[in-house]
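Asker: I'd like to ask some things about the structure below.
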Amino acid sequence: MTAIIDVRHVNKAFGGLRVINDCSIQVEAGSITGLIGPNGAGKSTLFNIIAGSLPLDSGQVLLDGEDITNRPANELFHKGLLRTFQIAHEFSQMTALENLMMVPPAQAGENLFNTWLKPTRVREQDAEVRRRALEVIDFIGLHHVRNELAGNLSGGQKKLLELGRTMMTDARVVLLDEIAAGVNRTLLGDLVGNIERLNREMGYTFLVIEHDMEMIARLCDPVIVLAQGSVMVQGAIEDIQNNPEVIEAYFGTA
Amino acid sequence: MNELVFFINNVVIAGSVTGSIYAIGAIGVTLIFSIMRFAHFAHADMMTFGAFMALLLTAIFPGAGALVGLPTAIVMLPLAMLLTSALAVGIDRAFYKPLRAHGVKPIVMVIGSLGVTLMLQGLIRLFSGTGGQSLYIDERKEIFRLALPFENVRAPIVVTEPQVILFVLTVVCVLGLHVFLSRSRLGKAMRAMSDNPDLARASGINTNTIVAVTWVIAGGLAAIAGTLLSLDVTFKPDLSFFLLLPIFAAAIVGGVGHPYGAIAGGFVVGFAETLAVFNWSILLRPFGDSLPEWLVQANLAFVGTEYKIVVPFFILVAILIWRPTGIFKGKVI
């Protein structure tokens with residue numbers, strides 16, 4: 001197995017607070033890797049560093065062997081590294097469908113001249129993107145609200161829209177930041193099913209931050225436990241759940 | 001009827017001229033705000049720079065306009081727009097980009113833009129001199145007098161060539177911007193970035209490109225507004241600077257960050273100015289026989305011409321109390 005994401009000795013401090021402390025993790029290609037840890041362990045910071053939203057102080061991040069340290073998020077997107085946000089982000093003034101249609105890269109309409117010179121091609125591509133967006137929106141069960149402004153959707157629906165975004169393009173690695181938080185149980189089942197299906201059929205690799213242990217147990221193998229900015233343990237969920245160190249980190253000393 | 005013609009000349013045409021200039025200026029201000037989230041105070045001086053470029057190019061190619069039958073400055077306008085866009089992108093690279101890279105608060109950017117204002121004003125004065133200069137070199141300003149086909153109407157409707165060109169260009173700009181923002185992918189990416197820059201980046205939108213495109217558009221529009229304003233009156237290094245506050249008022253009245261709002265706000269402020277200084281007793285003159293003489297003779301303007309500048313602020317105060325987000329509920333394109 002090869003590591004598609006390779007984080008090497010990364011450090012990051014906010015002022016005097018060292019949030020990531022010589023942290024190294026590997027995410028194997030084709031896996032659904034879980035990233036758990038108590039609040040303040042540095043999970044989201046690590047995500048932001050990998051996704052290019054936050055510059056790191058020292059260390060290195062590799063995507064499939066290629067150095068992507070401090071590359072901007074939009075560049076990583078085109079390399080197939082996608083992310084969702086802990087607090088769901090959406091283009092509030094566009095409809096749910098338009099939100100999805102923003103995603104696919106390298107559309108002909110992106111070039112201003114094409115809009116004027118090759119209107120047919122732009123229109124064809126637009127129609128195809130719309131078809132795909134409609135498929136995705138059916139898939140995530142938001143068909144009935146597709147023409148609502150995304151800003152008016154509920155928190156859970158926005159989370160689903162986030163997942164939908166990652167399905168609009170051929171991703172290699174998707175970073176999911178607490179995708180289940182605020183999503184009801186029934187939808188959660190669908191969500192987990194969708195993630196598994198994307199992993200199996202499309203070959204997406206997932207790195208998942210989650211507080212819902214049930215979801216982690218069902219979805220992730222292996223699981224990485226982060227505490228105080230570095231890796232505490234790593235392994236199958238059963239081993240993690242019975243590890244006294246982990247229990248201590250979560251619940252304090254008994 | 002003569003009074004009506006007087007009204008058209010002094011309110012409808014004058015208001016449309018002022019409104020168009022404010023609208024084109026305010027679109028630039030509002031676009032910059034919606035993408036970069038700061039009030040760009042150097043915008044008026046970008047307008048002056050555009051006009052100055054048009055003036056220079058007119059001086060270099062004085063005969064160019066005669067070939068197509070337009071004022072030379074208009075023929076040179078595309079080039080002036082290009083140069084102003086280049087200046088805008090250059091200013092961004094040199095002054096605003098380093099500030100952005102440090103993640104400073106918007107107020108720091110605003111103060112930075114005040115610095116750019118002073119610098120641009122100084123530079124333009126250095127090369128243009130402080131006096132007024134006509135953009136018509138070896139040319140005559142065409143004036144159209146439209147006589148109305150009614151009896152005993154002596155006064156014609158008067159509109160000048162640059163005013164007509166201004167109206168046409170305003171319509172073209174507004175339509176062009178609308179098509180750009182609603183149809184083209186780049187325009188949609190601009191809307192996306194103004195809505196949520198983090199998500200835009202995570203969706204693969206290169207925000208640096210969007211910023212550059214915004215400056216190109218804002219610079220081009222500034223050049224149009226500045227040049228047309230200078231054609232209507234004369235070029236002065238501080239002419240546009242005095243429009244800065246009404247332009248900001250227009251952007252806020254329309255809903256800052258909202259381009260259609262900026263257009264509406266521009267015309268609201270422009271017409272409010274001209275309506276406020278118009279002497280309404282003129283319209284009462286035809287009924288002079290049945291009205292008391294003091295009423296017909298009185299000056300019924302709301303404010304004197306010299307107080308014109310306060311009008312936008314009355315509107316601004318009213319809007320901020322009554323509808324603080326502006327007519328169009330701005331913030332996002």
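For all residues, glycine too, the Cβ spot is worked out from N, Cα and C.
So TrEMBL says this about it:
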TRANSMEM  B:12-35  transmembrane segment
TRANSMEM  B:47-68  transmembrane segment
TRANSMEM  B:74-95  transmembrane segment
TRANSMEM  B:107-127  transmembrane segment
TRANSMEM  B:164-181  transmembrane segment
TRANSMEM  B:210-233  transmembrane segment
TRANSMEM  B:239-256  transmembrane segment
TRANSMEM  B:263-282  transmembrane segment
TRANSMEM  B:294-322  transmembrane segment
Asker: Near the transmembrane segment (B:263-282), which residues from the same chain, at least 6 beyond its ends, have a CB less than 8 A from one of its CBs?
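Answerer: Residues 3, 6-7, 10-11, 14-27, 174, 246-247, 249-255, 295-305, 307-308, 311-312, 314-315, 326-328 contact the transmembrane segment (B:263-282) from elsewhere in the chain.
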Asker: Pairs of Cβ atoms less than 8 Å apart decide it: which stretch in B:47-68, B:107-127, B:164-181, B:210-233 has the most with the transmembrane segment (B:74-95)?
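Answerer: The listed stretch sharing the most Cβ pairs with the transmembrane segment (B:74-95) is B:210-233.
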Asker: For the transmembrane segment (B:164-181), could you work out the same-chain residues 6 or more beyond its ends whose Cβ comes under 8 Å from its Cβ atoms?
Answerer: 16-17, 20-21, 23-24, 27, 70-71, 74, 144, 187-188, 190-191, 217, 221, 224, 228, 231-232, 259-260, 263, 333
Asker: Using Cβ atoms and a strict cutoff of less than 8 Å, what residues sit near the transmembrane segment (B:210-233) while being 6 or more residues removed from its termini?
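Answerer: Same-chain contacts beyond the flanks: 17, 20-21, 24-25, 27-29, 31-32, 35-36, 40, 43, 46-55, 71, 73-74, 77, 80-89, 91-92, 135-136, 141, 160, 162-163, 165-166, 169, 173, 177, 186, 189-190, 193, 200, 239-240, 243.
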Asker: Give residue numbers and ranges for long-range contacts of the transmembrane segment (B:107-127): same chain, 6 or more residues beyond its ends, CB-CB under 8 A.
Answerer: 36, 38-42, 44-46, 48-49, 52, 91, 95-96, 99-100, 237-238, 241
